[in-house]
Amino acid sequence: MIEDRPTGGFLLEKVQVLGYNDAMSRKNGKRGRGEKSSLSFLPFTISLPEKGVKILWGIFFFSLAVIFVFAFFNKAGTAGNFLFFASQWMFGKTVFLFPLLFIIGAFAVYVMKETRVSLLFLSLVLFVSGLSGILGTVARANNGSVHELAGFLGFAVAFPLFQAFGFWVSMLIFFAVVAGALFLYWQIIPHEKTVVMPGEQGFEKVKKVFEPKVDVSSVERMPHQKELSAPEETRGQEQQPSLPKAKHGELSFLGEYKLPPLNLLEQETGSPSAGDVELYSSIIKKTFANFEILVEVTEVNVGPTVTQYAIRPAEGVKLSRITGLSNDLALALAAHPIRIEAPIPGRALVGIEVPNKSRSQVRLRPLLESDQYKNSADPLVLSLGKDVSGIPWFADLARMPHMLVAGATGAGKTIALNSIILSILYRSSPANVRFILVDPKRVEFPVYNDLPHLLTPVILDTQRTLNALKWLVKEMERRFQVLSSVRARDIRSYQALVQQSLQSKKKEAQMEHLPYIVVIIDELADLMASRGKELEALIVRLAQMSRAVGIHLVLATQRPSVEVITGLIKANITARVALQVASQIDSRTILDAAGAEKLLGQGDLLFVSAQVTKPKRVQGAFVSDKEVKRVVAWIAKETQDFVREEIAEDELGQSAIAGLEVESLEGGVGDDDSLYEEAKRIVVEYQKASASLLQRRLKIGYARAARLLDILENKGVVGPGEGAKPREVYITREGTDVAEELSLNIPPAAPLEGTPPEAKTEEKPTEEESRWFTP
């Protein structure tokens, strides 16, 4: 089928039918894997490979050209001379163009996508007929010998037209025939966007005569775009989410903060090598042809890690047939793994991603030097890396508004987190963005302890992590109250009001500045294993509500199982980064789609978000430990005079952070649990201490009821558990002010432990309660 060309009229329909002749005969005849072809004009059938048929036709055309050249000089013998004079009698002076036409025909056979000799013969006949008609018309108008100049063919076609239409109309008709012949020839050879598929490497020199072809023969690196948008629309690439540009003077979030210099980071070195692109394109086409799938390679994009071959399948081909051949392509190309993107988002093409022979390392510095990053107005722009076309990709954490990062050990998860942190550090001051870093592994994040951006030193244990998340919940609620008081919808509109208040000279108009808070947890699985339910409840509540007040979560794990990445967490965190994983099940756990198991590791990742709905393959930026240390040391040195406002450690030396002991979330607990006094009243009233009693009376879960018993034991209200025996209650009914508690439902003043307060009126339990809870 003729692709990317205008169609219409009888001629082009005939061309399309003839163009498919060979392909359809191969399909109907079920030629084998060698892509056999047959010489159907012979009285018998000879099955030959496509290459062999092209060679035979090329030899035929080239031999005719040589015979005519020798015949010009009377060196072709009797038969050759007879052929020459017979052709001259038939075609006139046009015969002297025959050697050139046959040589062009030989080369055309070599570069054809299919052996369509019938179309080639048709174009040659039309060209010779039209040219003979032109010569015959000119001779007839000048009263010359038409037969001598144009031959019998020229006389036969020129005389009746000249008599009927005259000179000018006849010339117009014959020029139209010549133009139609050239157009038909133009259609049967590859050009522009059509990919040339030489059968073997030996035909490369022949193919180059008829260049230019397509992107395959000359792969160009795409220049960096000047805007945060996708590649050019003519290429049809999927657009990355656009980020608002900063207007003049809009980068006020920096204040007087001095950004670290980019020379602290390393430059990129080396370039990727895709191997023999033309050979791989030919192999891809032949592999699909072996399974009776006709495709056309239309474009090749060389990225830092993989090379994407964009193919256009024939009409009626199911994409499931193409995606099911990834292993066959890997075998044919001797490359593994092969990832098939069907279709490429926004394009009527299928992408086949083949690993490069040699990869290029994407560094963070070129990304931070790009105009997309510099001109963005957002303080939380993240540098993700470069896609399969070498185009830089960025994302705004404020729009996500949370991110989940998962991948196997050694896939580049921690380096991706370092890249995220440095992307923010190169844009934001400590007054505008604050971090809470959690590192249960204790070896990755302590290097950031000197940063003034930290709200607290790097957290290394589970209890402190819970306390920090509880404090964030309380801070989130406080910020909602602040925004509500000034009728601001989110932190962006609130910051605009803050800027107005700063410009006001009235002190009472000054408003509190609220920085963004970014929480980064390096290994979520370790935390979920010990305090999963509490941690999940806190994360879910923050993920649901904290976007508007500028609190954002980045969660990372190397164990992407449903026990770690639970359904509630996935439902509330839609932006996800999947690095290489071990199995397709892990990939579906992260992305709800397969593909991450076919990544190459070392920062090769798939990115999805609310704006990028299909996984986008990106090579993540590499940041070395030396670069991180240099940037942190520079910032720490330049901000020595910065007053670091952080959450202070509890003076009692406990693992909690001062100010973080907030009320628990649907089952969370602490020593000052809000139900402690009510639980104490029930235990003393019924002189019985059991988790089931507290569950029924307080309508809480078992875990919270059991912890309330532990608190009561620590306070000296009940005794320790002794197996199957009930706990002993140390405070009697007579020593408890039950009447006041029942009537006012207010916790009484805490009495001295072990010493009951003065007895007041005693209220006995109801008859129903006595029946159920009498000890």
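Glycine too: its Cβ is placed from the backbone N, Cα and C atoms.
Residues annotated as ATP binding site in TrEMBL: GLY407, ALA408, THR409, GLY410, ALA411, GLY412, LYS413, THR414. The compositional bias 'Basic and acidic residues' feature in TrEMBL is assigned to 221-236, 759-775. Among the features that TrEMBL reports, domain 'FtsK' is placed at 390-588. Look at TrEMBL and you will find 217-245, 742-775 tagged as region 'Disordered'. According to TrEMBL, the transmembrane segment annotation covers 55-74, 94-112, 119-139, 169-188.
Comparing the binding-site residues THR409, THR414 by how many other C-beta atoms lie within 10 angstroms of each C-beta, the top residue is THR414. In the three-state DSSP classification, THR414 (ATP binding site) falls within a helix.
By a simple count of nearby Cβ atoms, those within 10 Å, the most crowded of the binding-site residues GLY407, GLY410, GLY412 is GLY407. Report note: the ATP site is defined by GLY407, ALA408, THR409, GLY410, ALA411, GLY412, LYS413, THR414, and the residues of the same chain whose CB lies within 8 Å of the CB centroid of those residues, excluding them, are GLN558, LEU579, GLN580, GLY601. Long-range Cβ neighbours of ALA411 (ATP binding site) (same chain, at least 6 residues apart, Cβ-Cβ under 8 Å): GLN558, LEU579, GLN580, VAL581, LEU599, GLY601, GLN602, GLY603, ASP604. The Cβ of ALA408 (ATP binding site) lies under 8 Å from the Cβ of GLN558, LEU579, GLN580, VAL581, ALA582, ASP586, GLY601, each of which sits 6+ residues away along the same chain. ALA408 (ATP binding site) falls within neither a helix nor a strand when secondary structure is assigned with DSSP, and so counts as coil. Sequence-distant neighbours of LYS413 (ATP binding site) (same chain, six or more apart, CB under 8 Å from its CB) are VAL405, ALA406, GLY407, ALA556, GLN558, LEU579, listed in sequence order.
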